[in-house]
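Feature annotation from TrEMBL assigns transmembrane segment to A:53-69, A:75-98, A:110-129, A:157-174, A:195-218, A:284-302, A:334-353, A:359-376, A:413-432, A:482-509, A:529-550, A:605-631 (among others).
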Amino acid sequence: MSFEAFAADWPLVPALAFQAINGFASASTLFLVAAGLSIIFGVTRIVNMAHGSFYMLGLYVAVTLAPLVPGPLGYWGAVLAAALVMGLLGALVEITVLRRIYRAPELYQLLATFALLLVINDAALYFWGPEDILGPRAPGLTGSVALLGRRLPEYDILLALIGPIVLTVLHIVLTRTRFGRLIRAATQDREMVAVLGINEALLFTAVFALGAAIAGFGGALQMAREPANLLIDLGVLGDAFVVVVVGGMGSIRGAYLAAVLVAQVKALCTALGIIEIAGISFNMSKLTLVAEFLVMAVVLILRPHGLFGRPIPPAHHRGSVEAPLRPLTTTGKFSFIVIILGLAALPFLGAAFSYAPVLALDVLIAALFAASLHFLMGPGGLASFGHAASFGLGAYGTAFAATSLGLDTITAFAFGIAVAALGAALLGSVAVRLEGVYFAMLTLAFAQIVWSVVYQWEDVTGGSNGLFGLWPDPPFDSRTGLYLAALAVTVAGVMLLRYLAFSPFGYGLRAARDSAMRAEASGIPVARLRWLAFIVAGTLGGAAGGLFAFAKGSISPEAISVGRSIDGLVMVLLGGVQSLAGPLLGAGTLTVLQDTVMRETDYWRALLGGLILLVVFAFPGGIAGGLALLARRGAGR
Amino acid sequence: MSRPMLEIEGLDAWYGAARILFDLSLTVARGEAVALIGPNGAGKTTTMKAIMGLVRRHARRLSIDGQDVATLATFRIARLGVGYVPEDRRIFTDLTVAENLALARRPARAGAPAWDEAALFALFPNLAGMLDRPGGQMSGGEQQMLALARALVGNPALLLLDEPSEGVAPIIVEQMIETIRSMKARGLSILISEQNIDLCNAICDRTYEIEHGALRPGGLVEKNSSRPQNE
């Protein structure tokens with residue numbers, strides 16, 4: 001049988017094979033980012049949120065350098081130079097920032113490296129501007145190869161080969177060189193490495209530089225495939241997190257296997273195209289992101305530490321023990337009531353204060369969002385980097401119900417909250433199996449997926465335009481009516497969280513946070529409590545999203561991007577993790593800052609990053625922690 | 001009289017906020033083997049970790065061969081010629097025996113016995129036969145030998161041995177006593193923490209008793225010089 005006849009009988013086979021090779025090319029790229037992330041984590045125990053930034057900068061540096069010299073020398077010289085520059089930058093970053101946070105609590109490490117991501121993104125904006133920059137095509141590799149009746153770009157074949165080549169080289173370095181043995185030894189027990197007379201600091205710098213260089217190399221190789229732009233740092237980070245979580249932190253071959261698995265599942269979905277199941281047609285190519293999440297969920301349910309991962313040995317330096325939460329004193333309750341009454345009076349103060357309720361509405365929504373995240377982080381001890389997903393599900397659920405379904409305001413709001421609760425229940429069932437950095441990465445990846453689905457599912461979400469024309473019914477149609485309703489929802493939400501924090505449920509959560517094993521041994525169902533906490537946080541985060549949709553009259557993907565998650569974390573951190581009032585203070589402070597200072601500049605990301613670094617390095621207790629310290633000093637006098 | 005190999009005066013140490021050691025003082029002379037004995041939780045392991053700089057500590061004097069190390073990083077203390085064999089051995093289980101040894105190899109130093117391969121494998125004949133075995137696939141006794149050997153290839157002048165007999169079969173303990181005695185015979189200074197009195201008596205010149213993070217008053221026992229010494 002000729003190939004043509006075969007292809008005519010089985011049209012799917014060549015399509016699948018073609019996509020499979022494409023999948024290997026994508027897998028190589030994913031692997032190059034994930035490998036560095038994984039090695040750095042293994043040795044330093046830090047999840048480098050800024051890893052996608054090295055990838056992005058690698059691409060920018062390459063497209064800038066490549067045109068300087070014509071021909072292959074310019075192209076490949078630029079790729080190598082980009083890797084080298086990223087290695088040097090990585091070393092610099094490790095020495096100036098990372099060294100200060102090795103002993104800090106995990107959350108601070110994650111936020112500090114995220115702050116780096118923000119600063120680097122704005123630095124790229126400053127140097128290269130907001131426009132996409134196209135790179136040259138690879139000289140000599142611009143053609144394509146006829147394969148299975150299709151044309152496969154030569155460059156993709158090269159990329160497909162580079163992954164296994166880098167994997168092999170890394171394997172040889174890890175097993176045959178002293179540097180590699182040191183990496184493996186330090187991944188297991190870095191203290192013992194120092195005991196043998198090896199300079200840990202130097203090793204950490206070298207490892208960080210290596211990881212950054214590999215990411216930069218991966219980014220530079222994209223020169224012929226995609227233009228350099230400012231969105232790819234976060235985009236690739238989300239994918240790399242999925243790969244690293246699936247493969248197992250610290251395992252290089254796990255990273256490659258997971259990269260192949262994820263890329264192939266995506267390729268398979270694309271190849272299948274539109275299929276019909278039971279009379280309903282599914283466009284599989286639009287389900288690639290959901291498929292990615294499903295792969296991750298299945299692997300984590302079967303192997304919680306990933307394909308080749310092992311339980312992470314506890315860090316030798318735990319974060320400080322959290323001070324117990326205290327119920328409000330009479331003075332505290334009194335101040336709370338005064339603040340609520342003051343907020344309720346805002347719309348009636350006359351024209352001189354006409355802007356106050358507008359800003360206060362933003363603060364209220366932020367406060368509810370931050371308080372719901374804090375419930376998970378403070379009493380729950382689980383730092384979610386994807387709380388924007390709850391916000392987004394609530395906002396889009398509400399907007400969809402109010403516009404497309406035509407439901408009334410209160411029912412639409414309830415619908416949005418229900419969508420958020422359902423989403424949280426679903427993700428929570430997977431996420432609560434994890435702790436610490438795995439939890440952070442999984443939630444971030446999930447939020448990225450929700451964002452992408454919203455972005456792509458135009459029929460329901462309106463795609464990049466979003467949903468608009470959202471008008472609440474009376475009595476919420478006036479500015480005052482909506483504001484007072486939002487105040488009521490926020491106050492009710494915050495009081496519910498307070499009540500839960502001091503209920504047996506809250507005590508159980510805190511016991512599980514302080515020692516999961518001991519809590520489990522005393523009969524506390526740790527996983528179930530965490531799952532419930534996840535749903536509570538997701539539901540109230542969704543309520544904040546619903547309020548947001550009505551307050552703005554529209555909702556777009558931008559409002560539910562990872563920036564929203566990080567804003568929430570910054571509010572909690574700025575206010576103080578160890579206090580229930582902290583997130584409210586933080587929400588107020590950050591919202592006012594955003595409204596005044598940050599909207600005046602194009603470089604608000606760098607400002608936010610600077611603010612995060614300031615809190616992490618200088619005020620780890622946040623505003624509430626600082627106030628409590630002052631109060632104690634005052635009382636001591 | 002030459003200066004002591006290890007000199008500790010007024011050592012305090014903490015785990016987080018909990019203070020473990022209180023004003024501890026001890027010395028190990030060059031070529032001497034000294035035992036630190038006491039019940040569980042007395043602070044023996046913490047003393048070793050404090051010497052290596054692995055816990056927060058403060059001392060009026062903490063010196064190795066006359067050099068002040070109270071503020072040095074762990075790797076610098078190791079490079080001054082201090083070998084440390086922790087209680088739980090902490091060999092690299094992913095690495096082979098040969099790789100474990102290769103990482104720890106440091107140049108020979110004046111005033112300390114040198115351990116080339118021949119000398120090492122004369123002391124640990126078993127290890128020579130399992131160089132390619134991953135550390136994770138060794139028995140407890142074999143791991144203890146590897147931990148000792150790994151400390152020796154750094155050519156230390158002072159060896160800190162934390163409970164070497166713990167979790168090791170009695171027959172292996174017998175072998176271990178011989179091994180440690182021949183290490184001492186080559187001029188190595190040794191500080192051992194132990195609960196096994198027989199092992200201490202067989203090896204050590206002097207004994208400090210430690211309790212609740214401090215030396216027990218009168219707890220320093222000089223070995224009776226009329227008793228026959230090694231050999």
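For all residues, glycine too, the Cβ spot is worked out from N, Cα and C.
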Which one of these stretches, A:75-98, A:110-129, A:605-631, has the most C-beta pairs shorter than 8 Å to the transmembrane segment (A:53-69)? A:75-98
Quickly jot the same-chain residues contacting the transmembrane segment (A:482-509) by Cβ under 8 Å, restricted to those at least six beyond its ends, or write none. 325, 327-328, 340, 343-344, 346-347, 357, 360-361, 364-365, 367-368, 371-372, 374-375, 378-381, 472, 476, 519, 524, 529-530, 532-533, 536, 540, 543-544, 547, 550-551, 580, 584
Would you say the transmembrane segment (A:605-631) and the transmembrane segment (A:195-218) are touching, if the rule is that at least three C-beta pairs must lie under 8 angstroms and be 6 or more residues apart? no
Contact between the transmembrane segment (A:529-550) and the transmembrane segment (A:605-631) (at least 3 Cβ pairs under 8 Å, separation 6+): no
Tertiary contacts of the transmembrane segment (A:334-353) (same chain, 6+ residues out, Cβ under 8 Å): 328, 360, 364, 479-480, 483-484, 487, 491
Which residues of the chain, 6 or more past the ends of the transmembrane segment (A:110-129), have a CB below 8 A from one of its CBs? 46-50, 52-53, 56-57, 60, 64, 93, 97-98, 101, 104, 228, 230, 233-234, 237, 383, 385, 437, 440, 566, 569-570, 573, 602-603, 605-606, 608-610, 612-613, 616-617
